[in-house]
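*Asks:* Below is one structure. I have some questions about it.
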2 protein chains.
Amino acid sequence: MDDIHFAVLGTGGIGRRTLEVSQHKDGLTAVAACDRNGVALDHDGLDVDELLAATEGNIASGPAEHASDSTPAAPTDDYASDGGAAAVEGGGVKQHGDQSGIVASEQGEPTETPIDDIIAESDAIDAVLLALPNLEHDFIPRVAERFAEADYEGVMIDVLKRSRVIGMLDDREDLLKASGITFVCGAGATPGFLTGAAALAAQSFVEVEEVEIWWGVGLKSGYEDNRGTVREDIAHLDGYDIETAREMSEAEIEALIDEHDGVLEFHDMEHADDVLLERAGICDAEDVHVGGVLDVRSDEKPTTTTVSVTGTTFDGETGTNTFELDDVTSMEANVNGPALGYLKAGVRNNRAGHYGVFGPADLMPGF
Amino acid sequence: MDDIHFAVLGTGGIGRRTLEVSQHKDGLTAVAACDRNGVALDHDGLDVDELLAATEGNIASGPAEHASDSTPAAPTDDYASDGGAAAVEGGGVKQHGDQSGIVASEQGEPTETPIDDIIAESDAIDAVLLALPNLEHDFIPRVAERFAEADYEGVMIDVLKRSRVIGMLDDREDLLKASGITFVCGAGATPGFLTGAAALAAQSFVEVEEVEIWWGVGLKSGYEDNRGTVREDIAHLDGYDIETAREMSEAEIEALIDEHDGVLEFHDMEHADDVLLERAGICDAEDVHVGGVLDVRSDEKPTTTTVSVTGTTFDGETGTNTFELDDVTSMEANVNGPALGYLKAGVRNNRAGHYGVFGPADLMPGF
């Protein structure tokens, strides 16, 4: 496969780790990255080390995993119409003044329209990873729309989690197809890696009865980078929802975490694995259960990440196939490796002229 | 996806079970099947139940898993030039005279050129599963060549095991591409299902150190249908090779099995998983180890089928991800489900105009 030139929108934890992991992979060249108030562009390849060093612990934007920081979200319509400035806006957790984020890199240029700047160069970009905060459910779909309106031909990929966003992407499928976009949605760890594992594990069966996705994350050293994800997860606890979680102050979140001694356990989360497996024909969304345990005070995983697929074989046996990730594999390894893996699969499809909206399971053997 | 009309060449264990499993799947219509001296064709869909009932325990051909029955193999060149009669020839284990095999079905017609008969109808066939004996290494590649020479546009898929066959298919890739063939090779259980699992499990890592594929098969009730596979496996035992295994009489094989109380253990088998993972860029072929335990006197698996992928993450941890099949899932479930799953993936690619030779790992997220 020819070298893939890709861009990363958002340089929070997921964006930065994706850039880092891409350096270990063959055939991937990072050519663009942006955050709230800066863009770095070099079609011969960014100096990723320099960019990471300059932005580490110095985030201008509220990236994907800072989905809901303490700064109230701007109204959704603004995201799609402001040329990108609000698009990569987020909390104030790590801002360091005018020189924060990408502009602190010698490759960074200040801009008020970071996403538009990348769209302007997108003819030479094969794939775009959306590591943006999906503050409102339709934010990522709207960014895709903007690329489509600019006739972008290539791959777009996100690591979103919420089931309802998939339908919003599907609603825009005609527009994406007309432009020549192969959109791979939900392509991080879960949904993503584990959704694919479930789709594969289902291959023994002719009928899938249940998919259980159970994750463990130890997030001590990664906590600062992932406050937004923690906040999103809190929405899944009993007595909380997206709105209440969004409105909590940092202090309230800390108090809640203290109450649980740093360990939060989640059941029946709204994770897009369900609709992604249903759209691939593997099982009904309601038969998919996602839960897990998060420990923000340890880097050890509190439980082993496991996918269990229970089904019936053509010869009438009922059994459970399992996929287990080693406890030493970090959340970052399991998000960013698969994100780039699906990105490559997306490019394969895109180059063959296969456009539209794909979930991870759609890129697996059929069911 | 529009309905997939598919053909099965060979109606031994794998061919018949694939027809059976396809009835449990959406979007698959079996329209053609052939064996040594008969062909059944109906573009509206075969009556699979009738066909299976007529051919069960009544095999005219030496199908894929009867790779080397006691009848000496005809010279290879004959396979490719005789219009297909020898193509599906095999041993005499279960032959029952003129009315054996497909011609015993009311849908079957006698023919001396079963493969050519299917090629003649291939305009209306989306995919062809090759469940043929690969008596000589280049037999399946030569059948593919014949379809290509007839300008077949569609999917061909096999469940071959031997590493060296992949290169022979690659040698013919230009011809396959020119015709519009998407050839998915090694798409059964192993290689196939487990190769795909290894490719997926690798996604946590930036460097894969070892892939261990360890299978368990309990083959008491399936033994008669799978004598050929057992013979092929014997070639992997210490002191045996393909030639000596091929020349063994049935009695010699029975004696060998008796000696081992029905349980044969294999290490470092020549299984195409190695080259299939290497060609997908996941690891070196030499880092892939395939072995397992076969019990021909029990239907219980003597060991749990497990894929273990050991690698290093971008953040420097070394770990092992694992994929385990429930012991109740039979070899047949794990061969034929994935074969149809990869067939569907092949059709997706073929319809997008993606031609050439693909291994299971090539249909997974990239590495």
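Just so you know, glycine gets a Cβ as well, placed from its N, Cα and C.
Pulled from TrEMBL, these are the listed features:
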- B:G10, B:T11, B:G12, B:G13, B:I14, B:G228, B:T229: NAD(+) binding site (BINDING)
- B:60-110: region 'Disordered' (REGION)
- B:K161: active site, nucleophile (ACT_SITE)
- B:K161: allysine (MOD_RES)
- B:E232: active site, proton acceptor (ACT_SITE)
- B:H236: active site, proton donor and proton acceptor (ACT_SITE)
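Help me see these features in their spatial surroundings.
*Replies:* B:T11 (NAD(+) binding site) carries neither a helix nor a strand DSSP state and counts as coil.
A simple way to gauge crowding: the CB of B:K161 (active site, nucleophile) has 24 other CB atoms within 10 angstroms, across all the protein chains here.
All protein chains included, B:E232 (active site, proton acceptor) registers 23 other Cβ atoms within 10 Å of its own Cβ. According to DSSP, B:E232 (active site, proton acceptor) is assigned to a helical segment.
Its own atom aside, the Cβ of B:H236 (active site, proton donor and proton acceptor) has 21 Cβ atoms within 10 angstroms in the protein chains shown.
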*Asks:* To the nearest whole angstrom, what is the C-alpha distance linking B:H236 (active site, proton donor and proton acceptor) and B:T229 (NAD(+) binding site)?
*Replies:* 11
*Asks:* Widest Cα span across the NAD(+) binders B:G10, B:T11, B:G12, B:G13, B:I14, B:G228, B:T229, in Å?
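*Replies:* Those residues reach a largest Cα separation of 15 Å.
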*Asks:* Specify the secondary structure state of B:K161 (active site, nucleophile) as given by DSSP, simplified to three classes.
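*Replies:* For B:K161 (active site, nucleophile) - judged by DSSP and reduced to three states - the answer is coil.
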